[in-house]
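Each remark here refers to the structure printed beneath this line.
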Amino acid sequence: MIKFENVTKAYPDGTVAVDGLNLEAPTGKLTILVGPSGCGKTTSLRMINRLIEPTSGTIYLDDQPTSGMDAALLRRRIGYVIQHAGLFPHKTIVDNVATMPVLLGESRQKARIKALELIERVGLPASFAKRYPWQLSGGQQQRVGVARALASDPAFMLMDEPFSAVDPVVRGQLQDEFLRLQREIGKTIIMVTHDIDEALKLGDQVAVMRVGGKLAQMASPSELLTSPADEFVADFVGRDRGYRSLGFTKTAGAVAIGEEAVIQLGASADEARAKASGAWVLVVDGSRKPLGWAQPELVRGEVTREHLNLSGIPAVVSGTMRQLLDAALSSPSRRGVVVDENGELIGTVTATDVVKAIEAEPHLETAR
Amino acid sequence: MNFEWLGRQSDNIVFLLGWHVLLAVIPLILGLLIALPLGWWAHRSRRIYPLLVGVAGLLYTVPSLALFVLLPLVLGTKILDPLNIVAALTIYTVALLVRVVADALESVPEDTVQAAKAMGYRGYQSLLKVELPVGVPVISAGLRVAAVSNVSLVSVAALLGIPQLGSLFTQGFQLRFFTPIIAGIVLCVVLAMILDGLIILLNRWLTPWTPKVVAS
């Protein structure tokens with residue numbers, strides 16, 4: 001547990017970065033500090049490992065006040081991940097990861113063995129171990145940054161905009177993998193971000209801060225979307241929060257999935273026409289995995305990959321209402337493709353089906 | 001070019017070359033050792049930086065011959081003592097390298113320094129294990145300039161009669177005989193190139209981590 005008790009940070013010029021912050025990050029949970037720039041979220045984070053000293057108030061790690069601890073020893077108990085990874089350019093990847101255990105007195109050899117495991121755990125090949133940071137892409141460096149923070153198996157982790165310096169596709173991957181990792185390791189984490197979508201996606205609880213360093217609301221993501229405490233939070237969470245809250249609503253069999261006739265690549269134009277419903281027909285591969293939609297009237301001879309429209313995003317049946325609705329809206333036929341966990345076709349849904357299900361059960365159980 | 005004379009004088013030339021190496025290299029090492037803490041101090045404090053770098057720049061403008069003559073008065077050494085040369089060139093090396101060391105530490109990415117601190121490196125550990133190693137390429141670039149500068153400055157000491165390759169110049173001028181002058185120049189250039197090459201090799205050995213730039 002990390003606890004802020006009346007913590008204030010004021011600078012000599014009178015600026016108040018953090019104002020009387022009270023906050024508790026429960027053990028084993030991911031707490032996110034989010035807010036516009038200048039809200040003091042990064043300052044708050046950096047006060048925990050005393051990169052910045054609070055002006056007044058106390059921060060506790062598992063009920064021990066941090067103010068009395070040796071700062072360097074305190075920092076060695078806390079994993080730390082920053083925006084551009086901040087890897088040591090002169091150390092190999094394996095030695096970067098082994099840094100903290102070596103500082104804590106472990107032998108270099110033992111630390112390297114553990115570091116190798118961690119490198120693979122964050123999704124990098126072991127062959128990267130002997131490379132230097134400049135040889136890695138931004139996303140790969142960020143993975144190393146996470147591995148380095150985990151190396152000494154700390155109970156606490158602080159993450160300062162860990163995924164914001166990489167492109168959106170990589171960011172999504174890193175977030176998903178990090179969620180999976182956190183489910184296994186269950187660290188007590190405080191993460192800072194300015195991206196409300198990231199906060200809602202990753203956080204067990206989200207603390208929204210406002211300019212001037214005050215806590216506006218602390219709640220679970222779905223609660224933040226459905227009952228924001230005031231106008232500032234409502235505004236910050238965003239105008240399309242009704243739609244986004246669907247991201248926390250499991251479909252859980254509430255939506256009727258219709259059957260869809262399918263063809264395979266190589267089917268004749270006649271077969272495509274016969275199977276099509278409306279202007280579009282769904283094309284799957286040999287194991288019923290959806291490949292894309294085709295328009296039979298454009299097909300001369302047989303259906304090939306060139307005929308496929310790939311704009312639809314399939315939804316997994318165990319996913320959320322938001323994914324299901326998005327599948328329907330993104331599909332050229334307006335029929336959203338639904339697949340099982342293995343990616344095999346189950347059927348299709350229309351936006352109307354999804355909306356009906358939402359209207360029928362306004363209080364569907366939330367995902368968390 | 002009188003090669004017969006060179007052959008007869010080879011023992012003497014090797015002796016002069018040996019002194020030249022000592023008088024150029026010892027100040028280089030001493031100067032670096034002194035410049036490291038001073039550069040660190042300049043890097044640490046915004047107020048000290050312009051002061052130290054300014055004084056260093058001024059020192060470098062003092063003519064070498066004047067320094068060679070003045071130092072015995074300050075140090076209490078004899079005018080012919082090679083120590084004067086060592087002291088003077090050490091001062092020049094420090095003057096060049098204070099700024100270099102400060103800039104080298106400045107060149108370390110802020111993210112890297114912050115990460116070191118956040119991971120629990122104490123100040124001196126971060127300096128010795130992170131900031132200085134990462135600053136090596138900048139320091140060696142400055143060291144190369146200082147090395148070449150020292151090799152050429154040493155020869156001025158010939159005017160005081162301290163033996164090194166510069167003695168070949170004075171000898172040649174007095175005898176109106178060009179062979180020793182040419183030999184002196186060639187050896188100075190070769191020595192400068194060898195020192196330069198050694199520093200490049202040392203830098204390469206200390207920084208296996210820098211991106212390999214393909215020569216264009």
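Using N, Cα and C of the backbone, Cβ positions are placed for all residues, glycine too.
Note: TrEMBL annotation is automatic and uncurated.
Taken from TrEMBL, the feature transmembrane segment covers B:12-36 (among others).
Here the transmembrane segment (B:48-71) has Cβ contacts under 8 Å with residues 38, 41-42, 77, 79, 84-85, 87-88, 91-92, 94-96, 98-99, 102, 153, 156-157, 159-160 of the same chain, all six or more residues outside its ends. Feature annotation from TrEMBL assigns transmembrane segment to B:48-71 (among others).
Outside the transmembrane segment (B:83-102), and at least 6 residues removed from its termini, the chain residues within Cβ reach (under 8 Å) are 23-24, 26-28, 30-32, 34-36, 38-40, 42-43, 49, 52-53, 56-57, 59-60, 64, 67-68, 71-72, 75, 77, 135, 138-139, 141-143, 145-146, 149-150, 153-154, 157, 160, 162. Per TrEMBL, transmembrane segment is recorded for B:83-102 (among others).
Long-range contacts of the transmembrane segment (B:141-165) within the same chain, counting only residues at least 6 positions beyond its ends with a Cβ under 8 Å from a Cβ of the stretch, are 15-17, 19-20, 23-25, 27-28, 31-32, 64-65, 68-69, 79-80, 82, 84-85, 88-89, 92-93, 96-97, 99-101, 104, 184, 187-188, 191-192, 195-196, 199-200. The transmembrane segment annotation in TrEMBL covers B:141-165 (among others).
Residues 1-2, 5-6, 9, 13, 17, 20-21, 24-25, 28, 140, 143-144, 147-148, 151-152, 155, 165-169, 171 of the same chain, all 6+ positions outside the transmembrane segment (B:177-202), place their C-beta atoms under 8 angstroms from a C-beta of that stretch. Look at TrEMBL and you will find B:177-202 (among others) tagged as transmembrane segment.
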